[in-house]
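Please find one structure pasted underneath; my questions will follow.
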């Protein structure tokens, strides 16, 4: 049996402000840093050790991993960093407040933009300074692979090659792996692992800074999965994520 630990980054500044973040490189809040520290302490307390860790090229995920590994006294852990683990690209929605957008377009439309499997928001124009082709960290990525928007289906297509080529072989080789990434890149991976349908994936919400453990068989099929930590706290955090795209009530 293998174990894989997945963790969404701690609360970011735009999580706090309830904005569509996507590939925008915002940092953690103090709460987010504390979540990462507590996650690392919990992993250490539960006896977890890692041979390899993986994360995206976005600082909120990288810093979450750093802080968690530091709390485990394991900063020496080798880390693989890939743009393929980035958050889903939210196109022209990036930077907009989710509740204000819901008030303008309706809760249902925002839910479609946030959670529909095959519907992407309006793309960024090619000349928009927010387009990843203007960001030096993506300079070596072929231009036709850089998204101007994505749906979850696109995110799955981006994440799975990295899973198949890097993460899964490491697990099969007996490496103990931690992945610190983002809500939607982890949803994409979980959809693959658990074979979740396109319709059912809409209801999956991943809280910030909570270690999620997958026990896998020899074929990397899930035996079971569970969050570490307080169950009531995790349920409340999931509910908060689900409510982010709703208009505020007067």
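Backbone N, Cα and C define each Cβ position, glycine as well.
Annotation source Swiss-Prot lists substrate binding site at 8-15, 21-22, 60, 87-90, 98, 114-115, 183-184. Residues or ranges marked as active site, tele-phosphohistidine intermediate by Swiss-Prot on the basis of sequence analysis: 9. Swiss-Prot lists 87 with the feature active site, proton donor/acceptor, giving sequence analysis as the kind of evidence. Swiss-Prot lists 182 with the feature site 'Transition state stabilizer'.
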Where among the recorded positions 11, 87 do you find the Cβ with the fewest other Cβ atoms within 10 Å?
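11, out of the recorded positions 11, 87, has the fewest neighbouring Cβ atoms within 10 Å.
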Which site among 22, 183 has the most other CB atoms no more than 10 Å from its CB, taking these as binding-site residues?
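Answer returned by the neighbour count: 22.
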Between the Cα atoms of residue 182 (site 'Transition state stabilizer') and residue 9 (active site, tele-phosphohistidine intermediate), what distance do you get, rounded to the nearest Å?
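Checking the Cα atoms of residue 182 (site 'Transition state stabilizer') and residue 9 (active site, tele-phosphohistidine intermediate) gives a distance of 6 Å.
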Within 10 Å of the Cβ of residue 8 (substrate binding site), how many other Cβ atoms can you find? Include all protein chains, please.
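Total other Cβ atoms inside 10 Å, all chains included: 30.
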For residue 14 (substrate binding site), just give me the three-state DSSP call.
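Helix, per DSSP.
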Compare the C-alpha of residue 9 (active site, tele-phosphohistidine intermediate) with the C-alpha of each of the recorded positions 22, 87, 88, 98, 183, and give the closest one.
183
If you measure residue 22 (substrate binding site) to residue 87 (active site, proton donor/acceptor) at Cα, how many Å is it?
5
Which residues of the same chain, at least 6 positions away in sequence, have a Cβ lying under 8 Å from the Cβ of residue 14 (substrate binding site)?
20, 21, 24, 26, 95
Reduced to three states, what secondary structure does DSSP give residue 183 (substrate binding site)?
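In the DSSP reduction, residue 183 (substrate binding site) maps to helix.
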